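Quick look at what TrEMBL lists:
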| type | residues | note |
| --- | --- | --- |
| TRANSMEM | 20-42 | transmembrane segment |
| TRANSMEM | 57-74 | transmembrane segment |
| TRANSMEM | 86-103 | transmembrane segment |
| TRANSMEM | 154-173 | transmembrane segment |
| TRANSMEM | 203-220 | transmembrane segment |
| TRANSMEM | 232-254 | transmembrane segment |
């Protein structure tokens, strides 16, 4: 039965999935983090503003490769996990990432026209003077699809799948509860990517609830005499390091008055691209030289 835990696989252990975690980390950095960078550094004449950018093609590849890797990760779980929930989550993930592809493509191309991510849609100089004013509503709708609907349908299934996989990463064998050197080497770039995902995606609440659920599960299983295997430790420690990186990031920008204005809520976590366009961006001047 789908979702049932078989008796014979209850205490099976799984070796560290070096290949999957390596591919996961590599494609996350190249296809997700690297897509806006590729859009910026490649010559504009190669990818005109009215055509998909290099980053868009990176995003398309990400939308295909990531669901495949997530499914492979679930398949390698030592336990039989709820397949129906996994499949629905994968479908939602692809839908959300595809919605985000469209919105993010337009928003990042607007940078070349002087759009500033540290400002709201209506406060941007290139937006607030549009006529008729109903065009501003259209850009706000685009922003909603990109930053809210797309992110929610993308990240909620993503973290749900990781947590579902995490539930199968327990073993009664103490010797299995250690990470190999390869896992320790991958933990740094993996944690740094999750930091980028949480800060740029503005999904701290989702991330912290997932982390708390992991902690609660670890304590619950410990009372049963079960400990995390190498894959579970890798995922759990990566989330811990991510939390530390977020704390450092927030502490560094704590007194930034401009970013404080854009992120006025109780949870203040600026986006890296907002920081870039505020303090490091020279794209609008470069655009004038094209």
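Positions of Cβ are set from backbone N, Cα and C atoms, glycine also.
Just so you know, TrEMBL annotations never went through curation; they're auto-generated.
Here the transmembrane segment (20-42) has Cβ contacts under 8 Å with residues 53-56, 58-59, 61-62, 65-66, 69, 72-73, 76, 108-109, 111, 182-183, 186, 189-190, 193, 196-197, 231, 234, 273, 283 of the same chain, all six or more residues outside its ends.
Nonlocal intrachain contacts for the transmembrane segment (57-74), taken as residues 6+ away from its ends with a CB within less than 8 angstroms of a stretch CB, comprise 17, 20, 23-24, 27-28, 30-32, 34-35, 38, 81, 83, 86, 90, 93-94, 97-98, 100-101, 104-105, 158, 161, 164-165. Counting residues 6+ beyond its ends, the transmembrane segment (232-254) has Cβ neighbours under 8 Å at 16, 21, 162, 165-166, 169-170, 177-179, 183, 186-188, 190-192, 194-195, 198-199, 204, 207-208, 210-211, 214, 218, 268-270, 275 in the same chain. Residues 151, 155-156, 159, 162-163, 166-167, 194, 197, 228, 235-236, 239-240, 242-243, 246, 267, 269 of the same chain lie 6+ residues outside the transmembrane segment (203-220) yet bring a C-beta within less than 8 angstroms of a C-beta in it.
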